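Undergrad: I have a structure here, written as structure tokens, and I will follow up with some questions on it.
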């Protein structure tokens with residue numbers, strides 16, 4: 001008895017037979033379809049049998065097997081496709097845990113030409129196949145194969161192949177890929193069809209596909225108009241948009257005085273308890289100067305606010321809204337409503353007191369203690385007891401510069417020293433010594449040497 005994904009009861013194995021390469025999927029071009037060029041049209045020709053691994057040509061990109069699930073597309077270069085152990089198997093109704101094993105197959109898609117004439121390679125897309133099915137049906141679980149990543153449920157037996165039927169696209173549509181809660185999707189990848197509108201449009205897409213199947217059967221003998229839409233055209237457009245965004249995103253964003261002022265004003269317009277200080281609106285502008293009642297924040301953290309690299313680890317200690325209301329002592333106090341001329345309004349303050357408890361087993365405990373010790377009561381170690389923001393230097397006008405010049409001109413200059421005073425510090429020559437000895441013998445001291453008693 002074989003299992004059919006998406007059905008509660010197991011069904012019999014179905015055969016895909018000879019089908020046209022375009023299948024019945026209307027909204028998505030899957031990797032198992034031939035990516036045809038715009039000039040290769042099948043209008044007026046009979047349907048060709050599905051290509052296999054031995055019959056597919058080198059031109060184009062063909063995967064000769066139909067996956068039960070939508071693909072996972074890479075949108076960032078240099079990212080590795082991988083899942084943690086026990087994760088990565090898509091969810092499908094009717095498939096027991098013992099059969100949830102298989103591999104993700106990398107489909108290397110074709111390249112396209114951009115409007116400026118450059119050749120762009122579309123990033124690969126990955127498809128899931130159950131163990132014993134798909135392009136590597138004969139491989140053993142865990143074999144080292146280029147472009148294959150093995151995944152399995154923790155309850156699955158990877159020594160035996162899965163008893164899953166192969167998908168017939170004429171009978172079964174591809175299932176949107178979903179994973180068990182807690183599964184971490186590889187970084188740089190997204191699930192096809194996982195947009196915001198995907199859940200709401202599933203029921204509509206099923207009814208539309210049923211109606212389109214009936215119309216296709218009734219008009220199978222009629223000539224179908226040629227489509228002017230190339231396969232993966234949406235992906236080409238998306239790639240162009242991503243390339244454009246990536247180019248623009250690489251340029252540094254310039255913050256002007258006007259934009260910084262707007263950000264600061266936007267923050268200050270919020271209630272005090274909703275403000276988030278940052279570089280544009282530092283801590284003191286949001287909450288006032290540091291002191292006994294607001295005693296946290298060193299000089300660096302006061303400038304950067306929540307942009308400080310050390311702040312995220314402190315945020316781990318912050319209580320949740322539930323812990324704030326249910327784990328604190330709260331007191332509602334009515335405040336004075338202001339001056340006599342101001343309109344009357346009731347002002348209240350919700351006073352709270354509580355504690356945040358942690359111990360040395362907390363991850364990053366030493367770093368947290370270091371940051372706390374540097375910022376608690378840091379205002380006491382600063383000049384004046386509080387952190388005062390130094391005023392901006394004012395530009396000097398021409399008048400102020402002239403006044404400054406006049407002040408310099410009026411400054412009295414000290415009288416220069418006498419020649420003897422200027423020479424006191426230099427070394428004495430033999431002639432100086434002889435003259436000095438003669439002066440001492442005569443008892444006559446020249447002017448300027450009366451105070452030099454040590455000479």
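Quick reminder: no glycine exception, Cβ is built from N, Cα and C everywhere.
Annotation source Swiss-Prot lists region 'Disordered' at 1-62, 186-231, 271-292, 385-428. Positions annotated as compositional bias 'Low complexity' by Swiss-Prot: 9-23, 193-227. Residues annotated as compositional bias 'Polar residues' in Swiss-Prot: 50-61. Sequence annotations record features per position, and here Swiss-Prot assigns region 'RNA-binding' to 56-197. According to Swiss-Prot, the feature domain 'CoV N NTD' maps to 64-193. Residues annotated as RNA binding site in Swiss-Prot: 109, 125, 167. The phosphoserine feature in Swiss-Prot is assigned to 162, 170, 194, 390, 425. Annotation source Swiss-Prot lists phosphothreonine at 177, 429. Positions annotated as domain 'CoV N CTD' by Swiss-Prot: 260-383. What Swiss-Prot records for 267-384 is region 'Dimerization', and it gives sequence analysis as the kind of evidence.
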Undergrad: In whole Å, could you give the widest CA to CA gap in the RNA site formed by 109, 125, 167?
TA: 22
Undergrad: Round to a whole number and give the Cα-to-Cα distance in Å for the pair residue 162 (phosphoserine) and residue 177 (phosphothreonine).
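TA: Answer for this pair: 18 Å between alpha carbons.
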Undergrad: C-alpha of residue 170 (phosphoserine) to C-alpha of residue 177 (phosphothreonine): distance in Å?
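TA: Cα of residue 170 (phosphoserine) to Cα of residue 177 (phosphothreonine) measures 19 Å after rounding.
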Undergrad: Return only the integer: C-alpha distance in Å from residue 125 (RNA binding site) to residue 177 (phosphothreonine).
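TA: That separation, Cα to Cα, works out to 13 Å.
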Undergrad: Any idea what the Cα distance is from residue 177 (phosphothreonine) over to residue 429 (phosphothreonine), rounded to a whole Å?
TA: 102
Undergrad: Cβ atoms within 10 Å, counted per site: which of 109, 125 has the most, among these binding-site residues?
TA: 125
Undergrad: How big is the gap, in Å, between the Cα of residue 109 (RNA binding site) and that of residue 429 (phosphothreonine), rounded to a whole number?
TA: 96
Undergrad: May I ask for the distance between residue 429 (phosphothreonine) and residue 167 (RNA binding site), taken between their Cα atoms and rounded to an integer number of Å?
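TA: Distance between the two Cα atoms comes out at 113 Å.
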